[in-house]
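Student: Okay, these came from TrEMBL:
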type     : residues : note
REGION   : 1-20     : region 'Disordered'
TRANSMEM : 28-46    : transmembrane segment
DOMAIN   : 33-476   : domain 'Major facilitator superfamily (MFS) profile'
TRANSMEM : 81-102   : transmembrane segment
TRANSMEM : 114-134  : transmembrane segment
TRANSMEM : 355-377  : transmembrane segment
TRANSMEM : 383-410  : transmembrane segment
TRANSMEM : 422-446  : transmembrane segment
TRANSMEM : 452-473  : transmembrane segment
Amino acid sequence: MVAASTAGEPRPLGGQGTRRSRQVQSRVLILMVCAAGIGGTFQYGYNLTIINAPTASIQVFVNETWLERTGHPLGSRTVTLIWSFIVSLFPLGGLMGALLAGPMAIKLGRRKSLLLNNLFVVLAALLVGFSQMAKSFEMILLSRFLAGINAGVGMSIQPMYLGESAPKQLRGGVALTSASFTALGLVLGQVAGLREILGAEESWPLLLASNVVPGLIQLVLLPWAPESPRYLLMDQGNEESCLLALRKLRGHGDVSVEMKELLAEQAAIRGKTPAAPWALLWNPAVRWQLLSIVVLSSAMQLCGNDSMYSYASYIFEEAGIPVDKIQYYIIGTGSCELATALTCNLLVDRAGRRVLIIGGYSLMAVWAIVFTVALSLRDQLSWMPYLCMGCLFAYILSFGIGPAGVTGVIPTEIFDQVTRPAAYMISGSLLWTNLFLVGTAFPFIVDGLGHYCYLPFLAVCIGTAAYVGFSFLRRRGRAFWKSQKSSTNGTSIPGSMRAWLRLLKS
Ligand SMILES: *[C@@H]1O[C@H](CO)[C@@H](O)[C@H](O)[C@H]1NC(C)=O
């Protein structure tokens with residue numbers, strides 16, 4: 001009811017039943033947000049962290065199966081290489097999924113694509129679950145690749161599906177839920193990896209196969225949510241089912257205003273096709289925006305925050321934390337990100353994107369420096385390991401408060417309807433490619449640079465903060481960074497977060 005009219009316009013009052021219909025609306029929308037999130041960014045976070053606990057067991061397993069097959073044991077460098085492949089095939093699959101997602105979403109629709117997407121994770125779980133029995137570490141490799149495709153498809157379709165289905169004033173708030181689902185996935189993955197739960201040496205096949213559970217939850221929840229009304233109208237031209245979906249989402253209130261807007265938009269975009277990613281590259285009008293997207297999306301992975309989760313115990317060991325305690329501290333890292341994902345929503349209202357990004361990366365640079373110093377003094381002073389750990393926590397907190405939440409919404413804000421899908425495709429591919437690069441390099445960076453392992457990430461943080469700072473000095477850049485509240489079609493975050501809270505309270 002309320003959602004059907006835009007703020008400021010006189011809204012048709014529905015008389016009795018308004019409150020009830022609002023409740024139905026919020027229930028369907030919350031169900032939709034949860035169902036899409038659990039198969040999208042939740043899977044991303046979960047798969048990043050579950051691989052951390054069984055590091056040693058999988059390395060032993062690889063060595064043993066090789067010894068059994070060929071009669072020769074493997075060198076430690078080869079084992080590290082295979083293991084880092086096991087970690088990195090996940091982002092490689094994610095890249096594939098991100099590319100698959102576009103055509104899938106157009107052919108099958110948003111909801112059906114998400115449902116079908118769970119086939120990948122079921123296959124992945126079966127493969128890894130039986131890999132030990134089959135004495136084949138290749139099955140782990142394949143399983144990680146399939147789990148990556150699942151996360152890649154889910155993460156790309158999730159914002160599309162939710163953005164198209166949420167009422168205008170909630171779009172920004174809904175977009176921010178994806179960072180919270182990532183963080184929730186990270187933490188639950190770490191909890192599942194506890195020795196007391198699924199992290200015991202023998203139970204790694206079960207732990208790695210447990211990513212089928214969120215997939216099954218999505219299979220149960222998602223059929224109750226309607227297909228995106230926008231998709232039904234714009235891509236399928238089906239006015240009737242669009243109206244039905246809209247009614248279901250808006251709680252059977254009056255949807256005529258929104259329907260009229262949708263029809264007007266359908267008429268307006270007729271004949272315009274979305275720009276291809278390569279068309280964006282040669283378009284001087286969007287060069288500045290494109291460069292910003294490339295820098296910010298790359299920096300988000302190249303700063304090492306997400307890769308760290310897969311190698312957390314590695315770093316904690318390097319820092320000199322007692323081995324039997326590491327697993328509990330690791331849960332602290334995920335909890336930091338979860339806490340900040342929730343507070344970032346509130347901060348964005350006050351501070352604005354530029355401050356959050358420059359401030360976030362600058363703070364991260366400071367922590368990286370302190371971490372490096374503390375690590376090199378580790379053997380002199382007994383409390384240094386804990387200072388190292390504190391720096392890692394602070395690094396994650398700084399990342400979560402600024403870059404993590406803000407980077408994802410920027411493509412929505414600086415591109416228009418025609419160029420946005422291409423911008424998302426570019427930033428999605430960059431995310432997975434860079435996660436792959438950093439993920440593969442990480443153990444070698446830790447091995448090779450030792451105490452100085454965070455210096456490459458320090459360089460990335462300083463570079464990004466400097467880029468955003470300098471872009472502010474240029475005319476066009478300043479216009480964007482200053483316009484915190486102006487945004488295209490109601491995706492601005494201030495206000496929408498408040499609307500979201502209002503809805504939850506209703
Ligand atoms: C592989 O197993 C052999 C025999 O058990 C052992 O000597 C060797 O150190 C192991 N290699 C690695 C890298 O763990």
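Cβ from N, Cα, C; glycine included.
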Student: Please average pLDDT over the domain 'Major facilitator superfamily (MFS) profile' (33-476) for the predicted structure.
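Tutor: PLDDT averaged over the stretch: 88.
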Student: Look over the recorded stretches 81-102, 114-134, 355-377, 383-410, 452-473 and say which has the most C-beta pairs under 8 A to the transmembrane segment (422-446).
Tutor: 81-102
Student: Could you pull out which residues elsewhere in the chain have a CB under 8 Å from any CB of the transmembrane segment (81-102), counting only those six or more residues past its ends?
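Tutor: 44, 47-48, 51, 55, 58-59, 62, 74, 113, 120, 137, 140-141, 144-157, 310-311, 421, 425, 428-429, 431-433, 435-436, 439-440, 442-444.
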